[in-house]
Amino acid sequence: MEKNEKETMEKHEETVTADHEPEINYRGWKAMPFIIGNETFEKLGAIGTLANLLIYLTTVFNLKSITAATMINVFNGTANFGTLVGAFLCDTYFGRYKTLGFATVASFVGLLAIQLTAAIPELHPHRCAAQGSGECKGPAGGQLAFLLTGLGLMIVGAGGIRPCNLAFGVDQFNPKTEAGKRGIDSFFNWYFFTFTFAQMISLTLIVYVQSNVSWAIGLGIPAILMLIACVVYFVGSKIYVKVKATGSPIASVAQVIVVAIEKRKLKPVEQPWLSLFKYIPPKSINSKLPYTDQFRFLDKAAIVTPQDQINPDGSPANPWRLCSMQQVEEVKCLFRVLPIWASQIFYGVTLVQLHTYAVFQAIQSDRRLGNSNFKIPAASYVVFMMLSLTFFIPVYDRVIVPFLRRIRGKEGGITILQRVGIGIFLSIITMLVSGMVEEHRRTTALTKPTLGVAPRKGAISSMSASLLIPQFTLGGLTEAVASIGLVEFYYKQFPENMKSIGGSLFYCGLAGSSYFSSLLILVVHRTTNGAATGNWLPEDLNKGRLDYFYYMIAGLGVLNLAYFLLCSRWYKYKGNSDTLDLELEVNGEKKLSDNPLV
C-alpha cells in the first residue's frame with residue numbers, strides 16, 4: 001500500500017513539473033551542421049596559430065627562445081585557467097549559448113590582432129637578417145602591447161569555448177529518449193574526429209603557409225576561419241536548445257566549508273551515517289551519495305544543534321548554519337580529486353616540452369623530406385602525437401580493453417586510476433627517449449659536418465629529424481592513456497551539478513603544467529648559467545645540455561609517479577556505480593573497500 005502511494009505521489013510531482021515547464025524542442029542532428037561546423041572552424045583557426053606561435057615569436061618578434069617558451073607557457077596556462085572562470089560565469093549567469101557567442105567573437109578579434117602584427121611592418125620589429133651579425137633588436141613597447149592584446153582576447157575566447165562547446169552540443173539531444181542517447185554518443189565521436197582533423201590540418205597545411213610562404217597570409221587564414229565560425233554559429237541560433245543558467249554549485253561548496261569552520265569545536269557524532277542531517281532538494285540532479293569517512297572535519301557542517309532550525313519541508317532554515325550530509329559528501333568528492341589533480345600538473349610538464357623545446361630540436365635537425373629540398377616545418381612534427389593518439393584509441397577500446405576484461409573479469413579491464421598511472425609511467429619513458437635523441441643530435445652536430453645555420457639558433461645537425469618521431473609518438477600514447485583517463489575520471493567522480501567544474505579542472509591542470517614548466521625553465525636557466533657544464537638552455541641547443549633538462553624532468557616524473565600511487569591507494573571512488581567497490585561486513589557494519597589498485 002505504501003509503495004503504491006509513493007509511486008502515485010512521484011507521478012503527480014512529475015505531472016506538475018511538466019505542466020510548469022515549457023516543452024523543449026530538441027533538434028538533435030539538425031543543429032549539428034552549425035555546431036560541428038563551428039567547432040571545426042574554431043579549431044582550425046585557434047590551433048593553426050598556436051602551433052607555430054613559438055617560431056613566430058622568435059623569428060618575427062626577435063624574442064629569445066627562453067622568453068618565447070615562457071610566454072607560450074604563460075599564455076597556455078592562463079587560457080586553461082580561464083576555463084574555470086568561463087564555466088562559473090556560464091553556469092551562474094549567462095548560459096552556454098551567450099558564453100559561446102561572446103567567446104567566439106573574442107577569439108576572432110584576437111586572431112585578427114595577431115595577424116595585423118605580421119601584416120603591418122610598424123607592428124613588429126625589423127627582421128634579424130637585415131642586421132647582419134649584430135644583436136637582434138627586440139619589439140618596442142607598443143608592438144609588444146598590441147601582440148599581448150591579441151593573445152589576451154584569445155585567452156578570453158578559450159575560457160568560454162573550451163568548457164562549453166562540448167556540453168552545448170550535448171544539449172541539442174533529448175537525454176530521455178533512446179534516439180537522443182544514441183545521438184549524444186555519436187556526437188562525442190564526431191566532436192573528437194573534427195577536433196583531431198582540425199589539428200592535423202593546422203599542423204601541416206596552415207603551419208607550412210605560415211613558415212614557408214608568408215606569416216601575414218598564414219596568420220590571416222585562422223582569422224578568416226574564425227570569422228566563418230562566428231557566422232556559422234549565429235546562423236543556427238534559432239534552432240538551438242538554449243539551456244538557461246541554473247546557478248553555480250560553488251555556493252554549496254562554500255556553505256559546507258564555512259559551516260564546518262563555525263562548528264569546528266563540536267564533538268564528532270557516533271554513527272555519522274545515521275546521525276548527520278539528511279536532506280536532498282526535490283529538483284536536485286545529483287545522485288544520492290553514501291557516507292564516507294574521509295575528511296571527517298567536514299561532517300561537523302551536518303551536525304544538528306539546538307540553534308539550528310528546520311523548515312516544514314525538511315530543508316534547513318539557514319543553509320549557512322546547517323548543511324546536509326549529501327552536501328558534505330559532494331564537497332568530499334571535490335576534495336578527494338584535488339590530490340590526483342596535483343599529480344596531473346607534474347605529468348603535464350612532459351607534454352609541454354613536446355610543444356616547445358622539441359620544436360627547437362626539430363629546427364636544428366635535418367628536416368628535408370628524402371632527397372628533395374622540401375623541409376617539413378618544425379612545428380608540424382607535433383602531428384605525430386595526434387596520429388599516435390588517434391591510432392591508439394580504437395586499439396585500446398577494441399583490443400586491449402576486451403583482452404583485459406577477459407583476463408581480470410572487470411568491466412573496464414582496469415580502473416581509471418590504473419590507466420592514468422600507466423600514462424604517467426609512459427611520460428617518464430617519453431622524456432628518457434627525448435634526452436637520448438637530443439644527446440645524439442647534439443653529438444652529431446659537434447662531431448660531423450652540419451647543414452648550415454638556423455637563424456638565431458646555431459648549426460643544423462645532420463641527424464634526421466625523423467628520429468624525433470619516437471618521442472612524439474610516445475607523447476601521443478601518453479595523452480591517449482593518461483589525459484583521456486583524467487577527463488573520464490573528473491567527469492565521473494564529480495557530482496552531476498559540478499560537471500562543468502570537472503571539465504575545467506582538466507584544463508586547469510594543463511595550466512598548472514605550463515606555469516610550472518615556465519618556473520622550471522627559469523630556475524634551470526639561472527642556475528646553470530654560470531655552472532661548469534654551461535647553460536643547459538641557451539639559444540643554440542648545440543651549446544647547451546637540453547638532454548640533462550629532459551632527464552631531470554624524467555626524475556621528477558618518477559617522484560610524481562610514486563606520489564600518484566600513494567594517492568590512488570588512498571582514493572575512494574564516488575558511490576558504487578563507477579567503481580570496483582565491494583561491500584564488506586566489518587563488525588556488523590557495512591563499509592566500502594575502495595582501493596582503486598585492487
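Keep in mind that glycine also has a Cβ here, set from the backbone N, Cα and C atoms.
Curation plays no part in TrEMBL annotations; they are all automatic predictions.
For 44-63 (among others), the entry in TrEMBL reads transmembrane segment.
For 69-90 (among others), the entry in TrEMBL reads transmembrane segment. Sequence-distant contacts of the transmembrane segment (69-90) (same chain, six or more residues past either end, CB-CB distance under 8 Å): 50, 53-54, 57, 63, 96, 99, 103, 151, 154-156, 158-164, 245, 248, 250, 352, 355-357, 500-501, 503-505, 507-515, 517-518, 521-522.
Among the features that TrEMBL reports, transmembrane segment is placed at 102-120 (among others).
What TrEMBL lists as transmembrane segment is 140-161 (among others).
Annotated transmembrane segment per TrEMBL: 190-209 (among others), in sequence order.
Look at TrEMBL and you will find 215-235 (among others) tagged as transmembrane segment.
Summarising the annotation, TrEMBL assigns transmembrane segment to 334-358 (among others).
For 378-396 (among others), the entry in TrEMBL reads transmembrane segment. Tertiary proximity for the transmembrane segment (378-396) is limited to same-chain residues at least six positions away from its ends with a CB under 8 Å from its CB atoms, namely 51-52, 54-55, 196, 199-200, 203-204, 207-208, 211, 354-355, 358-360, 362-363, 367, 465, 468-469, 472-477, 479-481, 484.
Through the fold, the transmembrane segment (416-437) approaches residues 340, 343, 347, 350-351, 353-354, 358, 361, 467-468, 470-471, 474-475, 477-483, 485-486, 488-489, 492, 547-548, 550-551, 553-554, 557-558, 560-561, 564-565, 568, 571, 596-597 of its own chain, all at least 6 residues removed from its boundaries and within a Cβ separation under 8 Å. Positions annotated as transmembrane segment by TrEMBL: 416-437 (among others).
For 472-491 (among others), the entry in TrEMBL reads transmembrane segment.
The annotation transmembrane segment is assigned in TrEMBL to 503-528 (among others).
For the transmembrane segment (548-566), the residues of the chain that approach it from at least six positions outside its boundaries are 340, 342-343, 346-347, 349-350, 353, 357, 420-421, 424-425, 427-428, 431-432, 434-435, 438, 520, 524, 533, 536-537, 597, judged by C-beta separation under 8 angstroms. For 548-566 (among others), the entry in TrEMBL reads transmembrane segment.
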### Message
At a threshold of under 8 Å on Cβ distances, which of 102-120, 140-161, 472-491, 503-528 pairs most often with the transmembrane segment (334-358)?
### Response
503-528
